[in-house]
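*Asks:* To start, I am sharing the structure in question, which I have written as C-alpha coordinates.
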Amino acid sequence: MAHEILIAETEAFLKNVAPETRTAIISAITGGKSACKSAAKLIKNEHLPLMSGEATTMHIVMRCLYPEIKPWKKASDMLNKATSSLKKSEGRDIRKQMKAAGDFLGVESMMKMRAFRDDQIMEMVEEVYDHPDDYTPDIRIGTITAWLRCKNKKSERYRSNVSESGRTALKIHEVRKASTAMNEIAGITGLGEEALSLQRQTESLAILCNHTFGSNIMRPHLEKAIKGVEGRVGEMGRMAMKWLVVIICFSITSQPASACNLKTCLKLFNNTDAVTVHCFNENQGYMLTLASLGLGIITMLYLLVKIIIELVNGFVLGRWERWCGDIKTTIMPEIDSMEKDIALSRERLDLGEDAPDETDNSPIPFSNDGIFEI
(Lines of atoms letter the chains of each structure in order from A and count residues from 1; the text may use other names and numbers.)
(Lines give C-alpha, C1' and ligand atoms only; values in the text may rest on other atoms or scores of the structure.)
Protein backbone atom coordinates (compact mmCIF):
# COMPACT_ATOMS: atom_id res chain seq x y z
CA MET A 1 0.00 0.00 0.00
CA ALA A 2 2.72 2.48 1.01
CA HIS A 3 4.72 1.62 -2.12
CA GLU A 4 1.77 2.34 -4.39
CA ILE A 5 1.10 5.67 -2.65
CA LEU A 6 4.79 6.54 -2.99
CA ILE A 7 4.69 5.87 -6.75
CA ALA A 8 1.53 7.97 -7.11
CA GLU A 9 3.05 10.90 -5.19
CA THR A 10 6.30 10.60 -7.15
CA GLU A 11 4.40 10.75 -10.44
CA ALA A 12 2.50 13.80 -9.19
CA PHE A 13 5.76 15.47 -8.15
CA LEU A 14 7.29 14.81 -11.59
CA LYS A 15 4.27 15.83 -13.67
CA ASN A 16 6.11 18.87 -15.12
CA VAL A 17 9.06 16.68 -16.13
CA ALA A 18 9.43 15.34 -19.67
CA PRO A 19 7.35 12.12 -20.02
CA GLU A 20 10.32 9.94 -20.98
CA THR A 21 12.29 11.17 -17.94
CA ARG A 22 9.34 10.59 -15.65
CA THR A 23 8.84 7.08 -17.04
CA ALA A 24 12.54 6.28 -16.61
CA ILE A 25 12.54 7.38 -12.96
CA ILE A 26 9.34 5.52 -12.09
CA SER A 27 10.64 2.40 -13.85
CA ALA A 28 13.89 2.64 -11.89
CA ILE A 29 12.08 3.02 -8.57
CA THR A 30 9.88 0.00 -9.29
CA GLY A 31 12.67 -2.00 -10.95
CA GLY A 32 14.58 -3.08 -7.88
CA LYS A 33 17.84 -2.17 -6.18
CA SER A 34 20.19 -2.28 -9.18
CA ALA A 35 17.91 -0.18 -11.40
CA CYS A 36 17.42 2.35 -8.62
CA LYS A 37 21.18 2.59 -7.97
CA SER A 38 21.83 3.21 -11.67
CA ALA A 39 19.17 5.93 -11.79
CA ALA A 40 20.55 7.57 -8.63
CA LYS A 41 24.00 7.66 -10.22
CA LEU A 42 22.58 9.28 -13.37
CA ILE A 43 20.79 11.88 -11.24
CA LYS A 44 23.94 12.61 -9.23
CA ASN A 45 25.99 13.08 -12.42
CA GLU A 46 23.25 15.34 -13.89
CA HIS A 47 22.62 13.03 -16.84
CA LEU A 48 18.84 13.36 -16.52
CA PRO A 49 17.03 16.61 -17.46
CA LEU A 50 15.92 17.47 -13.92
CA MET A 51 16.07 20.75 -12.05
CA SER A 52 18.26 20.91 -8.96
CA GLY A 53 15.32 20.59 -6.54
CA GLU A 54 13.81 17.69 -8.48
CA ALA A 55 17.16 15.90 -8.64
CA THR A 56 17.85 16.13 -4.89
CA THR A 57 14.28 15.07 -4.06
CA MET A 58 14.48 11.99 -6.30
CA HIS A 59 17.88 11.02 -4.87
CA ILE A 60 16.43 11.25 -1.35
CA VAL A 61 13.51 9.02 -2.39
CA MET A 62 15.81 6.40 -3.91
CA ARG A 63 18.21 6.27 -0.97
CA CYS A 64 15.33 5.92 1.49
CA LEU A 65 14.02 3.01 -0.59
CA TYR A 66 17.43 1.35 -0.83
CA PRO A 67 19.96 2.40 1.87
CA GLU A 68 22.75 0.82 -0.17
CA ILE A 69 22.69 3.92 -2.37
CA LYS A 70 25.40 6.27 -1.12
CA PRO A 71 24.33 9.72 0.13
CA TRP A 72 24.79 12.71 -2.15
CA LYS A 73 26.57 15.73 -0.64
CA LYS A 74 24.26 18.16 -2.44
CA ALA A 75 21.18 16.52 -0.93
CA SER A 76 22.79 16.31 2.53
CA ASP A 77 23.70 20.01 2.42
CA MET A 78 20.16 20.91 1.40
CA LEU A 79 18.71 18.93 4.32
CA ASN A 80 21.23 20.41 6.78
CA LYS A 81 20.31 23.96 5.79
CA ALA A 82 16.59 23.19 5.96
CA THR A 83 16.95 21.96 9.57
CA SER A 84 19.58 24.44 10.81
CA SER A 85 17.06 26.42 12.88
CA LEU A 86 15.62 23.35 14.65
CA LYS A 87 16.31 22.91 18.35
CA LYS A 88 18.08 19.74 19.51
CA SER A 89 15.23 18.91 21.90
CA GLU A 90 12.73 19.10 19.02
CA GLY A 91 14.92 16.78 16.95
CA ARG A 92 15.03 14.19 19.76
CA ASP A 93 11.24 14.30 20.18
CA ILE A 94 10.72 13.89 16.43
CA ARG A 95 13.00 10.85 16.29
CA LYS A 96 11.13 9.19 19.16
CA GLN A 97 7.77 9.84 17.50
CA MET A 98 9.03 8.50 14.16
CA LYS A 99 10.09 5.17 15.65
CA ALA A 100 6.69 4.87 17.33
CA ALA A 101 4.71 5.81 14.19
CA GLY A 102 4.99 2.37 12.58
CA ASP A 103 4.08 3.01 8.94
CA PHE A 104 2.99 5.59 6.38
CA LEU A 105 -0.40 6.21 7.96
CA GLY A 106 1.23 6.69 11.35
CA VAL A 107 3.82 9.09 9.96
CA GLU A 108 1.23 11.13 8.06
CA SER A 109 -1.12 11.35 11.04
CA MET A 110 1.85 12.38 13.20
CA MET A 111 2.61 15.26 10.82
CA LYS A 112 -1.03 16.37 10.74
CA MET A 113 -1.78 16.03 14.45
CA ARG A 114 1.39 17.80 15.51
CA ALA A 115 0.97 20.45 12.79
CA PHE A 116 4.63 20.10 11.92
CA ARG A 117 6.51 23.04 10.47
CA ASP A 118 8.60 22.65 7.32
CA ASP A 119 11.85 22.35 9.28
CA GLN A 120 10.35 19.60 11.46
CA ILE A 121 9.23 17.64 8.40
CA MET A 122 12.68 18.10 6.87
CA GLU A 123 14.22 16.79 10.11
CA MET A 124 12.27 13.55 9.59
CA VAL A 125 13.47 13.32 5.99
CA GLU A 126 17.05 14.06 7.05
CA GLU A 127 16.91 11.28 9.63
CA VAL A 128 15.81 8.59 7.18
CA TYR A 129 18.29 9.89 4.58
CA ASP A 130 21.36 10.14 6.84
CA HIS A 131 20.59 7.09 9.02
CA PRO A 132 18.34 4.78 6.96
CA ASP A 133 19.49 1.65 8.80
CA ASP A 134 18.10 3.02 12.08
CA TYR A 135 14.54 2.86 10.74
CA THR A 136 12.35 0.14 9.28
CA PRO A 137 11.45 0.22 5.56
CA ASP A 138 7.87 1.15 6.51
CA ILE A 139 9.06 4.22 8.42
CA ARG A 140 11.44 5.28 5.64
CA ILE A 141 8.90 4.85 2.87
CA GLY A 142 6.15 6.41 4.99
CA THR A 143 8.28 9.46 5.76
CA ILE A 144 9.26 10.25 2.18
CA THR A 145 5.73 9.50 0.94
CA ALA A 146 4.21 11.91 3.46
CA TRP A 147 6.89 14.47 2.57
CA LEU A 148 6.13 14.19 -1.16
CA ARG A 149 2.42 14.52 -0.43
CA CYS A 150 3.08 17.73 1.52
CA LYS A 151 5.18 19.09 -1.36
CA ASN A 152 2.50 18.23 -3.92
CA LYS A 153 -0.27 19.84 -1.89
CA LYS A 154 1.80 22.98 -1.41
CA SER A 155 2.58 23.08 -5.11
CA GLU A 156 -1.13 22.99 -5.96
CA ARG A 157 -1.84 25.74 -3.43
CA TYR A 158 0.96 27.93 -4.78
CA ARG A 159 -0.23 27.52 -8.35
CA SER A 160 -3.62 28.95 -7.41
CA ASN A 161 -2.28 31.65 -5.10
CA VAL A 162 -0.20 34.37 -6.71
CA SER A 163 0.26 36.10 -3.35
CA GLU A 164 3.33 33.91 -2.81
CA SER A 165 5.02 35.77 -5.65
CA GLY A 166 3.81 38.98 -4.09
CA ARG A 167 5.53 38.03 -0.85
CA THR A 168 8.71 37.33 -2.78
CA ALA A 169 8.51 40.77 -4.38
CA LEU A 170 8.01 42.36 -0.96
CA LYS A 171 11.05 40.54 0.38
CA ILE A 172 13.14 41.84 -2.50
CA HIS A 173 11.82 45.35 -1.82
CA GLU A 174 12.93 45.03 1.80
CA VAL A 175 16.36 43.81 0.69
CA ARG A 176 16.64 46.77 -1.68
CA LYS A 177 15.85 49.19 1.16
CA ALA A 178 18.42 47.46 3.34
CA SER A 179 21.09 47.75 0.64
CA THR A 180 20.36 51.47 0.34
CA ALA A 181 20.78 51.83 4.09
CA MET A 182 24.12 50.04 3.82
CA ASN A 183 25.39 52.90 1.65
CA GLU A 184 24.93 55.22 4.62
CA ILE A 185 26.90 52.87 6.88
CA ALA A 186 29.55 52.42 4.20
CA GLY A 187 30.36 56.11 4.35
CA ILE A 188 31.53 55.64 7.93
CA THR A 189 33.16 52.23 7.85
CA GLY A 190 34.82 52.11 4.45
CA LEU A 191 32.56 49.36 3.08
CA GLY A 192 31.58 51.30 -0.05
CA GLU A 193 32.50 48.60 -2.57
CA GLU A 194 30.59 45.94 -0.64
CA ALA A 195 27.53 48.19 -0.45
CA LEU A 196 27.62 48.91 -4.19
CA SER A 197 28.07 45.22 -4.98
CA LEU A 198 25.15 44.39 -2.70
CA GLN A 199 22.97 46.98 -4.40
CA ARG A 200 23.82 45.60 -7.86
CA GLN A 201 22.92 42.09 -6.74
CA THR A 202 19.64 43.34 -5.31
CA GLU A 203 18.76 45.06 -8.59
CA SER A 204 19.52 41.83 -10.47
CA LEU A 205 17.25 39.95 -8.06
CA ALA A 206 14.45 42.44 -8.68
CA ILE A 207 14.77 41.96 -12.45
CA LEU A 208 14.78 38.17 -12.05
CA CYS A 209 11.72 38.38 -9.81
CA ASN A 210 9.85 40.45 -12.40
CA HIS A 211 10.63 37.88 -15.09
CA THR A 212 9.50 34.94 -12.94
CA PHE A 213 6.51 36.63 -11.27
CA GLY A 214 3.74 34.11 -10.69
CA SER A 215 6.00 31.15 -11.48
CA ASN A 216 7.06 28.46 -9.04
CA ILE A 217 9.94 27.13 -11.12
CA MET A 218 12.51 29.71 -9.99
CA ARG A 219 11.13 30.25 -6.49
CA PRO A 220 13.81 28.15 -4.69
CA HIS A 221 16.58 30.10 -6.41
CA LEU A 222 14.93 33.42 -5.59
CA GLU A 223 14.42 32.46 -1.95
CA LYS A 224 18.02 31.29 -1.66
CA ALA A 225 19.35 34.45 -3.28
CA ILE A 226 17.22 36.66 -1.04
CA LYS A 227 18.51 34.86 2.05
CA GLY A 228 22.04 35.34 0.76
CA VAL A 229 21.56 39.09 0.35
CA GLU A 230 19.86 39.35 3.75
CA GLY A 231 22.78 37.48 5.29
CA ARG A 232 25.23 39.89 3.69
CA VAL A 233 23.25 42.88 4.97
CA GLY A 234 23.35 41.46 8.50
CA GLU A 235 27.04 40.65 8.26
CA MET A 236 27.88 44.11 6.96
CA GLY A 237 25.86 45.65 9.77
CA ARG A 238 27.84 43.67 12.33
CA MET A 239 31.10 44.67 10.63
CA ALA A 240 30.01 48.30 10.69
CA MET A 241 29.28 48.16 14.43
CA LYS A 242 32.68 46.59 15.12
CA TRP A 243 34.39 49.27 13.05
CA LEU A 244 32.53 51.99 14.93
CA VAL A 245 33.49 50.52 18.31
CA VAL A 246 37.16 50.37 17.32
CA ILE A 247 37.13 53.90 15.85
CA ILE A 248 35.44 55.36 18.94
CA CYS A 249 37.85 53.61 21.30
CA PHE A 250 40.96 54.73 19.42
CA SER A 251 39.67 58.27 18.91
CA ILE A 252 38.97 58.65 22.63
CA THR A 253 42.24 57.12 23.78
CA SER A 254 44.19 59.36 21.40
CA GLN A 255 43.02 62.52 23.24
CA PRO A 256 45.51 64.19 25.64
CA ALA A 257 45.17 63.49 29.34
CA SER A 258 44.48 67.10 30.29
CA ALA A 259 41.34 68.61 28.82
CA CYS A 260 41.38 71.99 27.13
CA ASN A 261 41.06 74.97 29.44
CA LEU A 262 37.82 76.82 29.85
CA LYS A 263 38.74 79.79 27.63
CA THR A 264 39.78 77.63 24.68
CA CYS A 265 36.70 75.45 25.11
CA LEU A 266 34.34 78.42 25.07
CA LYS A 267 36.15 80.01 22.15
CA LEU A 268 36.07 76.93 19.94
CA PHE A 269 32.83 75.18 20.85
CA ASN A 270 30.53 77.62 22.59
CA ASN A 271 30.19 80.46 20.10
CA THR A 272 26.39 80.67 20.42
CA ASP A 273 23.93 80.31 23.26
CA ALA A 274 22.29 77.40 21.43
CA VAL A 275 25.34 75.18 21.95
CA THR A 276 26.27 73.90 25.38
CA VAL A 277 29.59 72.13 25.85
CA HIS A 278 30.85 70.53 29.05
CA CYS A 279 34.52 71.40 29.58
CA PHE A 280 36.40 68.99 31.83
CA ASN A 281 38.86 70.03 34.44
CA GLU A 282 42.20 68.22 34.74
CA ASN A 283 41.01 65.55 37.19
CA GLN A 284 37.96 64.79 35.07
CA GLY A 285 40.21 64.55 32.01
CA TYR A 286 42.39 61.93 33.72
CA MET A 287 39.33 59.90 34.73
CA LEU A 288 37.87 60.09 31.22
CA THR A 289 41.16 58.97 29.72
CA LEU A 290 41.47 56.03 32.12
CA ALA A 291 37.90 54.97 31.33
CA SER A 292 38.62 55.24 27.60
CA LEU A 293 41.82 53.22 27.95
CA GLY A 294 39.91 50.56 29.89
CA LEU A 295 37.24 50.40 27.18
CA GLY A 296 39.92 50.17 24.50
CA ILE A 297 41.74 47.37 26.32
CA ILE A 298 38.51 45.41 26.79
CA THR A 299 37.71 45.83 23.09
CA MET A 300 41.18 44.67 22.05
CA LEU A 301 40.91 41.65 24.36
CA TYR A 302 37.51 40.82 22.88
CA LEU A 303 38.89 41.01 19.34
CA LEU A 304 41.91 38.89 20.36
CA VAL A 305 39.66 36.21 21.85
CA LYS A 306 37.50 36.24 18.70
CA ILE A 307 40.60 35.79 16.53
CA ILE A 308 41.78 32.86 18.67
CA ILE A 309 38.33 31.24 18.47
CA GLU A 310 38.26 31.65 14.68
CA LEU A 311 41.74 30.12 14.38
CA VAL A 312 40.70 27.16 16.56
CA ASN A 313 37.54 26.69 14.48
CA GLY A 314 39.54 26.82 11.27
CA PHE A 315 42.67 24.80 12.03
CA VAL A 316 41.53 22.46 14.82
CA LEU A 317 37.85 21.82 14.07
CA GLY A 318 38.11 22.31 10.30
CA ARG A 319 35.03 24.50 9.99
CA TRP A 320 36.45 26.96 7.49
CA GLU A 321 35.90 24.62 4.57
CA ARG A 322 32.24 24.18 5.52
CA TRP A 323 31.80 27.93 6.02
CA CYS A 324 33.35 28.63 2.62
CA GLY A 325 30.89 26.18 1.07
CA ASP A 326 27.96 27.84 2.86
CA ILE A 327 29.09 31.29 1.72
CA LYS A 328 29.46 30.07 -1.85
CA THR A 329 26.01 28.48 -1.94
CA THR A 330 24.25 31.21 0.08
CA ILE A 331 25.75 34.51 -1.04
CA MET A 332 26.21 33.35 -4.66
CA PRO A 333 23.53 30.65 -4.82
CA GLU A 334 24.42 27.94 -7.32
CA ILE A 335 24.81 30.06 -10.42
CA ASP A 336 25.47 27.02 -12.62
CA SER A 337 22.39 25.13 -11.46
CA MET A 338 20.33 28.32 -11.73
CA GLU A 339 21.33 28.77 -15.37
CA LYS A 340 20.63 25.10 -16.03
CA ASP A 341 17.19 25.36 -14.40
CA ILE A 342 16.35 28.49 -16.41
CA ALA A 343 17.28 26.74 -19.67
CA LEU A 344 15.32 23.63 -18.68
CA SER A 345 12.25 25.66 -17.72
CA ARG A 346 12.35 27.43 -21.10
CA GLU A 347 12.46 24.06 -22.86
CA ARG A 348 9.43 22.90 -20.87
CA LEU A 349 7.54 26.12 -21.62
CA ASP A 350 8.37 25.80 -25.33
CA LEU A 351 7.17 22.20 -25.27
CA GLY A 352 3.92 23.27 -23.60
CA GLU A 353 0.79 21.21 -23.95
CA ASP A 354 1.98 19.42 -27.08
CA ALA A 355 4.18 17.01 -25.14
CA PRO A 356 2.90 13.45 -25.52
CA ASP A 357 2.17 11.67 -22.26
CA GLU A 358 4.23 8.53 -22.50
CA THR A 359 3.87 7.54 -18.86
CA ASP A 360 3.65 3.81 -18.38
CA ASN A 361 0.27 3.32 -16.70
CA SER A 362 0.56 -0.44 -16.42
CA PRO A 363 0.05 -1.97 -12.94
CA ILE A 364 3.09 -1.87 -10.66
CA PRO A 365 4.27 -5.40 -9.82
CA PHE A 366 4.62 -6.21 -6.11
CA SER A 367 5.35 -9.48 -4.39
CA ASN A 368 3.32 -10.74 -1.43
CA ASP A 369 5.64 -9.11 1.08
CA GLY A 370 5.35 -5.72 -0.63
CA ILE A 371 8.72 -5.75 -2.41
CA PHE A 372 9.05 -4.42 -5.94
CA GLU A 373 9.37 -7.03 -8.66
CA ILE A 374 11.10 -6.54 -12.01
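Note that Cβ sites are derived from N, Cα and C of the backbone, with glycine treated the same way.
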*Asks:* According to Swiss-Prot, S-palmitoyl cysteine sits on which of C150, C260, C324?
*Replies:* C324
*Asks:* For the feature N-linked glycosylation site in Swiss-Prot, which residue out of N210, N270 does the record point to?
*Replies:* N270
*Asks:* For the candidates S204, S254, S337, I need the one that Swiss-Prot annotates as phosphoserine.
*Replies:* S337
